[in-house]
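Undergrad: Quick one: structure below, then a few questions.
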């Protein structure tokens, strides 16, 4: 290589590396614009607490490297600010320095605990493509100025406290792909301008208070794939929905839609999830032009007014996995053609009018729920393919002995045969299952309740109430550590109190009422336990003995309320939501609880032979709603610590041997709407609280020393203390009267005795004999 060639070669190399070094160095030295940096720092200072996750925000570092900040590679302008889940704990100011970032394309402040209103100046960020403000505590109306953000692709304002109507200006967002306004308090109708969003893929308006009709312009949104408006008050849909060729999810549940079943909807082959439950659709179920390529997997039509029979055409949905049409008026048999639905796993037709045989192909599903129908028999099982896990056949017309073919359903987890006419014994084959629920109540089963729970370690619910079972209570239940519901009511079980159940940490409901249980509830050798107990009913048995003062002190679930995720005590079995039910005397009336509230706490020890003092530890059960100790032999005073029972609604202490006064502080219990103190030995004034004055007179009968009942009984039950002397005063007066009477009676005799004694001692006895001797002889004779 010549010298000139070398010279040019080195020049080229030098220039190349100079450009390379400059290009690598310049972003770190000159990338962040000062105005952008200063704007971000001022935005940070608007919040009392602002902690970035990793890279702190300060002037000494490049703002483009700050946590959550992204800049344009060329201009250095901030184009993205992602602070999701950063606790800002304040509101967005109208003049916030955030709005100086005019080149922002992406803004995510979701889950930041923002409150206050959305400032209208947000509409000045005209380059925004994604706006995420969901899961905060924002209030007020959606600002009209958001319609200025014409580059917006994603608008997410869900899970806030926004009010007012959806602004019509949202129709200006013609590029919008995703509109998310769920879980707010929006009202009014959807504006017709929403039909301008021709590119929209997802619309989520669920969990608001929107009403009226879905506008006809809605049919313009032909690219829509997800449509969710459940939990609103919409009343009508456009008549033709067949143009949504890309629709996958259609959820309009829990609204006020009425009219005929929208059959043309099901001609859309892409449709996979349809939920129309909890509306007022009526008439028969019909499907128009079902595509052979239909992708429908989930169809939920529960709680409508649908009638007629199950259509044969439903068997064309070969991809169907879940079918739930419960709580309608569907009648007739289950079509045999439905056996073609080989993908079906969940079949729910509870609370209808189906009848005939239960087809055997249902046993290959995972869940079959046919309660509250009129089925009377079972088709013979020909297939060995049994995958059933949840089987609910309650409230039908089955009769005869326990179906032995159930013993072959090896995968069975939950079995409900309650409220039928089954008889005979409960089979031992049930020990081979690992059941989570066994519900056999209200049949005619007899014999013993077999000890079959040694291997059923997952058992959560056991209900054999309302049968004719006898013998011992099964001790193998001690193995069921997850047991939370036990109901053996109205049988003939004869055993001592199963105090060993107190060691089960999850036990919430224990109902032993109306059996032949006997003996004491408390054994000094055993710990009391029952830390998770919420409801106990052991009434109408033969329990006896004394309860120690601390008997209830370990019942933690009645002391402190732990809010659960659900409103009712329930089981979730493969999609199926199964509520627990029971019967109990509440406010003096036998009640049936089809669902048990999570916050309900009750103790019923009535109609037994328990005696001694009422344990003071009851006063610690601050979550207690119902307390019934009637029909026992409790003595002494009513504990005075009960003013802590501020949630108590029902109190029945009738037919005991209680004495003393009714504690005046009970009159302060504002929720106490029913009480019964009758047939005791109570005395003193009735509390003057409003709740006491609203009670019936019979609630205080046969307590002869109670007073202050004039307003309750509308007559003077016992005179008031102003007109009636106290018992102590009466006793003193009676003693004084007795002394006076004695003095009057014995005074003359004593006087005569003294006189006669003086005569004898004064040697005047001859005179005495002369005057009174014959009378003395007469008296002596008479004495004989």
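Count begins at 1; order follows the chain as displayed.
From the backbone N, Cα and C atoms, a Cβ is placed for every residue, glycine too.
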Undergrad: Among 719-739, 740-760, find the range that Swiss-Prot records as transmembrane segment.
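TA: So the range that Swiss-Prot calls transmembrane segment is 740-760.
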Undergrad: In the structure shown, with every protein chain counted, which of the glycosylation sites 58, 220, 329, 434 has the densest set of Cβ atoms within 10 angstroms of its Cβ?
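TA: Sorting the candidates by Cβ neighbours within 10 Å, the top entry is 220.
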Undergrad: Using all protein chains shown, find which of the glycosylation sites 89, 183 scores highest when you count other CB atoms within 10 A of its CB.
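TA: Max Cβ neighbours within 10 Å, all protein chains included: 183.
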Undergrad: Tell me which of the glycosylation sites 58, 124, 644 ends up closest to residue 329 (N-linked glycosylation site) in space, Cα to Cα.
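TA: Answer for the nearest of the glycosylation sites: 644.
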Undergrad: Minimum Cβ neighbour count within 10 Å among the glycosylation sites 124, 233, 289, 644, 676: which residue?
TA: 289
Undergrad: Determine the mean pLDDT over the topological domain 'Cytoplasmic' (761-784), rounding to the nearest whole number.
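TA: Averaging the confidence scores along the topological domain 'Cytoplasmic' (761-784) gives 35.
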Undergrad: Spatially, and counting Cα to Cα, which of the glycosylation sites is closest to residue 220 (N-linked glycosylation site)? Options: 58, 183, 644, 676.
TA: 183
Undergrad: Looking only at C-alpha atoms, tell me how far residue 183 (N-linked glycosylation site) is from residue 434 (N-linked glycosylation site), rounded to the nearest Å.
TA: 40
Undergrad: Taking only the Cα atoms, work out how far residue 124 (N-linked glycosylation site) lies from residue 89 (N-linked glycosylation site), in Å, as a whole number.
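TA: The Cα atom of residue 124 (N-linked glycosylation site) is 24 Å away from the Cα atom of residue 89 (N-linked glycosylation site).
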Undergrad: By Cβ distance under 8 Å, which residues at least 6 away from the ends of the repeat 'LRR 11' (342-365) in the same chain are close to it?
TA: 297, 302, 310, 318-334, 336, 371-383, 385-388, 392-393, 409, 574-576
Undergrad: DSSP-wise, what's the residue breakdown of the repeat 'LRR 20' (597-621) into helix, strand and coil?
TA: 5 helix, 9 strand, 11 coil
